[in-house]
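> According to TrEMBL, the protein carries these features:
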type   : residues : note
REGION : 1-33     : region 'Disordered'
REPEAT : 51-139   : repeat 'Solcar'
REPEAT : 149-244  : repeat 'Solcar'
REPEAT : 253-342  : repeat 'Solcar'
Amino acid sequence: MSVVKGSQLQPPSPAPLSPQMQSPNTTGGFARPPAVAAPDQFAGFKEKISQPVIAAFCAGGVAGAVSRTVVSPLERLKILLQIQSAGRDAYKLSVGQALGKMWKEEGWKGFMRGNGTNCIRIVPYSAVQFSSYNFYKRNIFESYPGQDLAPFTRLICGGIAGITSVFLTYPLDIVRTRLSIQTASFAELRSKPVHMPGMWATLVQMYKTEGGLAALYRGIVPTVAGVAPYVGLNFMVYESVRKYLTYDGEQNPSASRKLLAGAISGAVAQTFTYPFDVLRRRFQINTMSGMGYQYKGVFDAIRVIIGQEGIRGLYKGIVPNLLKVAPSMASSWLSFEMTRDFLTGLKPEVSQQAL
């Protein structure tokens, strides 16, 4: 055997794999290690936001903003009707005439006036309401996870959740009422045709000139008296009707049945607790010049309203309020459930590829 001078012995090269033997895990005929799934950078965030109480908090905020924006024109009209006393011309307008007057004198901005502040208030209010209901339900009223609570228990749980949300967000509600009427179409509702301050400036002004922190919680007693049963009835009726509309073999009713359940729950709750809402608005503007309301207390307010305006005075503005119940509560419950289900579905699952 002849040896080529200057050459060096080289180790034998491995035979290349045939095309049939190659796979996606080979490069140039050499096998490469199996791929490991990249870690999800948002796994920690998804884990937290998918927790039931946190998901309910976020979904509640979305539901509040959606529902209020949908019915903003009727919401503002309701407030304008609530704060009128007997004898004013605007009191005699129908809902359609009042909306037409608002559109003619203020345009589309009149329909949305105060809605920005309302959303700023309703997002945390609704978020706290839904999440606190979920928290109280899971940690206080349920004996075991997923227990089907009795209707009365839902009523109590919802009432406590309503009180919690009111105390945390009430100053924003009283400012929203002031902003809703500061440029009202009905000239009698304004003391001066001047530009009023915005949300934060109104808060500061009330705090400095109307009695400090107490001014920001004026009307809280009738508010709590009305909100507690309202929220309790809302949760109780909705869950009861939702359960009734869930057919055998279904986990959830259809979207249309959820809308129906929301509309029914809202109508029932609003009708039973509406007089408290009227009292709340009257107390919130009690110190505004030119409004003519000087009540010594809740019972005095009821006596004066019935004496001057009749029982009808306690239900002033209920027509636009009932007209907005169906789209408001239906969109609220539907958007809440859709958002909550989406967030709870983000919970990371253990990847089998990495094992």
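Heads up, residue numbers simply count up from 1 along the chain you see.
Placement of Cβ uses the backbone N, Cα and C atoms for every residue, glycine included.
Any TrEMBL annotation is an automated prediction that lacks curation.
Small disclaimer: the values here were computed from a predicted structure and weren't measured.
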> Counting by DSSP secondary structure, give me helix, strand and coil numbers for the repeat 'Solcar' (253-342).
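Final tally across the stretch: 72 helix, 0 strand, 18 coil.
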> Averaged over the repeat 'Solcar' (253-342), what pLDDT does the prediction give?
84
> By DSSP, how many residues in the repeat 'Solcar' (149-244) are helix, how many strand, and how many coil?
74 helix, 0 strand, 22 coil
